[in-house]
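Residues or ranges marked as domain 'Cytochrome b/b6 N-terminal region profile' by TrEMBL: 1-155. Annotation comment: TrEMBL describes 30-51, 58-79, 85-112, 124-145 as transmembrane segment.
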Amino acid sequence: YTANINLAFSSIVHITRDVPYGWIMQNTHAIGASMFFICIYTHIARGLYYGSYLNKEVWLSGTTLLIILMATAFFGYVLPWGQMSFWAATVITNLLTAVPYLGNMLTTWLWGGFSINDPTLTRFFALHFILPFTIISLSSLHVMLLHTKGSTNPLGTNSDIDKIP
């Protein structure tokens with residue numbers, strides 16, 4: 001992968017065409033991520049159906065996990081194209097600069113300034129690589145919070161129904 005806004009897409013094409021089985025690596029990565037999102041959305045729908053949002057700690061840890069997951073996907077999507085649309089860059093810059101006290105610092109850290117160039121792609125590649133490890137740790141936290149109250153019986157049915165009184 002080349003962190004150059006003029007060569008980034010060409011480097012992805014090179015991996016897909018010239019590296020042995022590069023096409024299967026690229027497709028597995030992209031399609032696997034899409035399937036993972038389908039599983040995540042199914043998991044969220046199940047949580048909404050069974051009222052899991054009432055357990056605030058678990059629900060908020062899951063929401064945080066979803067936001068980090070979406071950020072990881074965003075960074076991975078932007079990487080091969082070399083640069084994002086000016087509309088998306090403007091929206092993200094406006095959202096970041098609106099954060100009180102930290103806005104300008106966050107914008108400078110994420111973009112490397114107020115323009116999209118090679119250091120931005122380097123940051124995005126690093127974040128796309130590091131955030132899955134954050135997702136693993138947050139998933140562990142999510143499961144630990146889930147199992148503090150017990151999660152083996154989401155319907156709340158009588159688990160002793162097969163026992164003789």
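Counting starts with 1 at the first residue shown.
Placement of Cβ uses the backbone N, Cα and C atoms for every residue, glycine included.
A TrEMBL annotation is a machine prediction, not a hand-curated record.
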Looking only at residues six or more beyond either end of the transmembrane segment (58-79), which have a C-beta under 8 A from one in the stretch?
1, 8, 12, 33, 37, 40, 44, 47, 52, 121, 124-125, 127-128, 131-132, 134-135, 138-139, 141-142, 145-146, 149
Per-residue pLDDT averaged over the domain 'Cytochrome b/b6 N-terminal region profile' (1-155), given as an integer:
81
